[in-house]
Amino acid sequence: MNWIKKTLRFGEKIKTIIKARATKTEIANSDWTSCCKGPILKKDLEENLWVCPSCNKHHRISPRQRFDIIFGKNNYEVLKTPIPQDDPLNWNDAKPYKDRLKAARKKTGMDCGMMVVNTNILNLKITAIASDFDFVGGSIGAAEGEAFLYGIQHAIENEQPFVVFTSGGGMRMMESLISLSQMTRTTLAINELKKNNLPYIVVLTDPTAGGITASYAMLGDLHLAEPGALIAFAGARVIQGTVREELPEGFQRSEYVEKTGFVDLIVERKDLREKIGSLLSILLKKNSAINSSENETSEDSRALTKAAS
């Protein structure tokens, strides 16, 4: 019977250890977080733009944090975007979709997973969008699709460049075909932006995957990426199981994706403001020259037509 008592005592110790572990809420509210070399104060991480000073890991941040860093606090206007009906399919799995949305809104303070802003960068007026990974994994549903289209429309109406900061796991399964249709809608909207000769810059952040990668994330005039960002369509294990080969080191990270030509530049978070501003200046001058050339060609054609008649 002695071994039974020992087993019971051991079980009680395990229960005590489990109870002593911090909850997700306690971890989120803590002054500390962890990175490569152990615990680090969130305050120190924030002062370094949420980049680890030891390993240079670019931690995930919210749209508002990102906009504060790149555009400056109180230097942007958050635009109110249309919000369609919640849960049109009455989706229910381990947790009702409506409850997931309520929890996401409470956690992020956002109505949907995308924030659209009107702002300026180096004296250039722009429209910008950023996704929040904490909002149902940054996935794209009808509300996010509406936000993206609203941002494009605002950019076209105000003749502004369009900058997108991607972050998310793809299309939202709880909205099925409604979610998948956002790939088409965002692509068509980008085509309209390009017809108006307005620059479209994509900044790929960790993680960018699935249908996001397969649609608007790869349609920019230029693609920038933060260091170490996961950029993929399918997961590495899925690919490895399909090709039955060992994948290269760093596969699907921004450094590897840059080598294959899908990313133009890898830019540190601290340098994004200057880099985006300078690239937009170049693109705007280029597009202005193209428009001027097209106008001259059109005038020449009219003159020739008039002379011929």
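Every residue, even glycine, has its Cβ placed from backbone N, Cα and C.
All protein chains shown were included, and the count of other CB atoms within 10 Å of the CB of Cys52 (Zn(2+) binding site) stands at 18. Per Swiss-Prot, Zn(2+) binding site is recorded for Cys35, Cys36, Cys52, Cys55, and the stated evidence type is sequence analysis.
The domain 'CoA carboxyltransferase N-terminal' annotation in Swiss-Prot covers 29-298 and rests on sequence analysis.
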Counting only residues 6+ apart in the same chain, whose Cβ is under 8 Å from the Cβ of Cys35 (Zn(2+) binding site)? Leu45, Cys52, Ser54, Cys55, Lys57, His59
Looking only at the domain 'CoA carboxyltransferase N-terminal' (29-298), what is the model's average confidence as pLDDT? 94
Applying the rule Cβ within 8 Å of the centroid of the Cβ atoms of Cys35, Cys36, Cys52, Cys55, what extra residues of the same chain belong around the Zn(2+) site? Lys37, Ile40, Pro53, Ser54, Asn56, Lys57
Within 10 A of the CB of Cys36 (Zn(2+) binding site), the number of other CB atoms across every chain shown is 10
Determine the Cβ neighbour count for Cys55 (Zn(2+) binding site): the number of other Cβ atoms within 10 Å of its Cβ. 10
